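Record features (TrEMBL):
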- 38-48: compositional bias 'Basic and acidic residues' (COMPBIAS)
- 56-71: compositional bias 'Basic and acidic residues' (COMPBIAS)
- 84-495: domain 'Putative ER transporter 6TM N-terminal' (DOMAIN)
- 808-1028: domain 'DUF2421' (DOMAIN)
- 22-71: region 'Disordered' (REGION)
- 97-114: transmembrane segment (TRANSMEM)
- 149-173: transmembrane segment (TRANSMEM)
- 193-213: transmembrane segment (TRANSMEM)
- 222-243: transmembrane segment (TRANSMEM)
- 249-273: transmembrane segment (TRANSMEM)
- 649-670: transmembrane segment (TRANSMEM)
- 696-716: transmembrane segment (TRANSMEM)
- 728-745: transmembrane segment (TRANSMEM)
- 751-768: transmembrane segment (TRANSMEM)
- 789-806: transmembrane segment (TRANSMEM)
Amino acid sequence: MPADDPRRYDPRLGDEDVAAVLEQSDHAHLPRPQKHVRIPDDPAHDADPSPDDDSNEKSRARAPKKPPEPWPKRLARLLPIDLSWIPPNLTYSKIKPVIRCAFVCFVSAILMVIPRVYNLMGQGSFLILISSFLDAPSDPFLAVLEREVIFITFVVMAWAWCCLGIFLAGLARVHTDYSAPMDAIQAGEFVEAAPTVILAVFVFLGSAFFLYIKARLGPGPYLFASIFACICVDISMTTAVLFPYPYYLVGQVIALPLAFHCGLSIIFSALIFPCTITAQYTHTLFNVFAPLDDFLALHRKVLTLDPSSEEFKATVKTLTATLGKSEGGLGQAAANARLLKQDIVYGRFQPSKIADLQPIHHEEHQHHEVHFSLLNLAHALSPLARVPTASSGETAVGVFESQRYMAIEATRLSHPDELDVTAHFVRLLHESCDELLETTQGAIKDVQGWFAEVRRGSFGGRARIEKARAARLAKLEALSQGVKDALQRFKKDKRHRVLDPYRSAFDPQHVRALSGIHEPPPHRYLFHCYMYQYHLIRFSSILTEVQLDAIIKMEKGYPKARLWRPGIPIRKMLEWSPWNPSEDMDRADDEDPDIIQGIQPEWNDDLGMTRRRDPDALPPSNAFQYVMHIIYEAATALGRGNALFALKAGMLTVILCIPSFLRASAAFAYRERFVWGIFMGQLTLARFRGDTTFGLVARIISTFMGGLVGTAMWYISTGSGQGNPYGLAAVVGVCAPFFFFWRLYWPVPPMTNIIFFVTAALVLGFSWQNTHTLLPFKFMGWQLAWRRFVLVVCGVTAAFLFSFLPPSTTLRKYQRKTMSTTVSELGAVYCSIVSFANTREHQEVARGEIVQSLVAIRLKLKRSLVLKTNIVYEFSLRGRWPSSRYQKILDLQLQIAYLLSHLMSVVEHLEPAWSRAFLRRTRFLDADFQGDVLAVISMISTALRTGNPLPQITPCPLLDRFMVHTHGLNVIRQEADDDYGLPRTMTIDTLENEQYLCFSVGVTTAFGIVLRLDKLMVATKELVGEQYHIHGIGVPELKSASPAPRPSKDV
């Protein structure tokens, strides 16, 4: 192309200038857009290539042959169940809690068969065996202590509540007889109407309260406590109704065996392979680092590959999966960190200091994620992600956005040498980054090794401990210095290799870097390379300046071991809120869609600086109005999700108790153990209909299979006899280690796992009890197992049918409400980050809250993936659930959350002048543009929550407004009023400036956020549809004089 050609590309200007020239030339004819939505991707998250791509066919033709599969794997694939989870869990650290739990189970069985002990525990002695499986003491001592204290407290509270109900029912009783024979009591001869109604009311209120706690607080230390409290209420009340006098000791039958269990769990968690929260936390962080070695090795490999090859794409997918394994441990680390300040441990390091390392790991991972999603420069230009066309019976949506984006693509996002330029930049990245990647990879191994040994060295000779500490400290300091040196070389020299293709634009005498390509590539290629380099720099900096330096400081500051006591008051130790993360929150099936665990409620005000108003009343102005406002809020709270569910579950419990409350059927219900069906139905009912249906299927299957296992264990232990204590103890002793290995590590839904082993324990324990107590229920072995199965089927079927009655909530609605909540939170965090960047001189927003909020949002979205699996149980006659559309919205929100994390990192490292220039270039200080962005976020959140359609014409595409001005490589537009002291004319020195690198990364990240908001709008329209059509809008018109642009307003 001649040098004087007006279409010659100048990288110092924007791609928009080329588009303007092309529009004036006779070569630019835009095709009429088709009616499907096309929105460009950027390299952060690229679209999958077309299956008929030529490069795909070439790579497929030479696909390497897979090595032969080992025979154990081939045999495992032939089995009806997946056993691949067993080898990874056969490690010493994971066998230790199995042995501890098995020992508790074995001792529980021994106590159950000792006559004096089971007579003391009473008719509920079998509960000690059941609770050993349901509430397994597999956690560190402090977590077990917390859980067991809450556990027995709730059971005693339930017993006290029952005693109050029994007392009031006794006052209403007409006939009181303390000498009534037991046969007459069990026959239901003393059931009266008035006491029964009072007991029914107490059953309703007690069940509703404990189930509200279960739903409100979700997974955590209150889960099993609320379950057993419900069981205590059910058994106590359905038994007390038979007695012609207040029988307060009925709750002792439940509370005493469970108290034995709590005592055993606490004692043996302190004696058998005791574990501290600190040890588990450091082990979790060790597992977080474990996949990162492979992750960085794959980085080095993929930079040597052709970006258009199939191997490149496959390696990128492997990178994503490898990083997912590492990030999966962060949720567990957050749950452990909650108890670290309460830990009692003897060692060198204070637990709270080790807890301070957690935010560092979150920040490392936010730089990891872009590390590789960005690298796919094969699609850096703008391959188009096509939204599927409308299904039959649906009208097309997003046509307006489609037309605008096709115009943007044709005029601004095109380059004739895309593949060659991309491949060249990948090679330049390899040349510049490989040394630093290699050094960082070695440092990761040593940091992981430190976490493996952090709890060692507290015991032993003083000289030996000091020698080991000195050697470890010297190794860490040398490691830190090595990474710092490599990082300094990278910053000062090696990272500038990616500037070679642009040097000719600033120095005509410079040798051209791209052979056969005579024009410098567009500025976006450099910006993408800078983005990769920035995240590599940040990761390496965090590893040295924060991670390694923090470890070295701890090594120097704590030379001697000592006993560390809890660092918080005792009264705060049992505090728990639904915003606290828990150990099982990634697998729980009961969760509140309006709560994001990990975001404290007061942060919403701090982050958003806004507050909701009551549209029907002004704020209270006097004491009376204030009191009435509190009463009103309490009354309206009963209409919210958790309260409605609790009231509904309480009503179901009362209905299931009716056979036990009627004189005609009370004896039969007591004799046939109807209470099993009562609490099985009570606990199967969930907030969402899909979870209830899943509970029906899982509990029926697990009960049947568990009944078979329990029956086999009973007959093995007793033969044809009436129960052999030695045989039962021997069977439990042999089976317990294997059972608890499956109980703790079997990768199935928790409900399926727990019900299976609880049923086996119940059949075994109740069969023993029936041979040694005077009960009307005299069944053992198979006769007991099938009766249990029938009662479970009845209970879960009742819960399933009851779930259809109003108020009925579906997981489909839950998904929409969850995504609405997360979109709203993402908008609040977006505003906080812009505020953070705009108030650098006087910070008003806490950085830590922003980072933790983004991590919490990502974890919430990922947990919704798990909860989504139960939607298949919500059958609908109206049509299939659009799972792919929900998945697209979820993926886009995850991408926005990651990009916001990256944006926060960038604005932290921009100097004030560069920060102002960044905000001006991205229009983040333009009130008109920000109004459009926030309107889009609000519209999407409202549409997802209500299901109402969106307007056909919206502020989208935002990208069109984002790119309204021409910049190119320049920092400041030539016509801008203020340059903030930054250069208006671009030079190679400016390009080499590290602040310019951060600036360009911020611009690219902002581009990615705006682009995904556009895609999120279209994806939401696909879900809810459009309304408010205006004929003629969006139709291409003849060229005319463009109106003067609306002047922007600065915030």
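Here the Cβ of each residue, glycine as well, is placed from N, Cα and C on the backbone.
Counting Cβ pairs closer than 8 Å to the transmembrane segment (696-716), the top stretch among 222-243, 728-745, 789-806 is 789-806. Most Cβ pairs under 8 Å to the transmembrane segment (97-114), among the stretches 193-213, 649-670, 728-745, 751-768, belong to 728-745.
If you look at the transmembrane segment (222-243), the same-chain residues 6 or more away from its ends with a CB under 8 A from one of its CBs are 124, 131, 134-135, 147, 150-151, 153-155, 157-159, 161-162, 165-166, 169, 180, 185-186, 188, 190-191, 195-196, 199-200, 202-203, 206-207, 210-211, 213-214, 250-251, 253-255, 258, 576, 653, 657, 660-661, 666, 669-670, 674-675, 678-679, 682-683. Confidence in the domain 'DUF2421' (808-1028), given as mean pLDDT, stands at 86. Within the chain, the transmembrane segment (649-670) has long-range Cβ neighbours (under 8 A, six or more residues past its boundaries) at 186-189, 191, 196, 199-200, 203-205, 207-208, 211, 230, 234, 237-239, 241-242, 677-678, 681-682, 685, 776, 795, 798-799, 802.
Among residues of the same chain six or more beyond the transmembrane segment (149-173), those with a C-beta under 8 A of the stretch's C-beta atoms are 135, 192, 194-196, 198-199, 201-203, 206, 210, 221-222, 224-226, 228-230, 232-233, 236-237, 240-241, 244-248, 250-252, 254-255, 258-259, 262, 574. Beyond its flanks by at least six residues, the transmembrane segment (249-273) meets 96-97, 99-100, 103-104, 107-108, 111, 120-128, 131-132, 135, 137, 139-141, 144-145, 148-149, 151-152, 155-156, 158-159, 162-163, 166, 228, 231-232, 235-236, 239-240, 243 of its own chain at Cβ-Cβ distances under 8 Å. Among residues of the same chain six or more beyond the transmembrane segment (728-745), those with a C-beta under 8 A of the stretch's C-beta atoms are 85-86, 89, 94-95, 97-99, 101-103, 105-106, 109-110, 113, 129, 133, 136, 138, 713, 716-718, 753-754, 757, 760, 764, 768.
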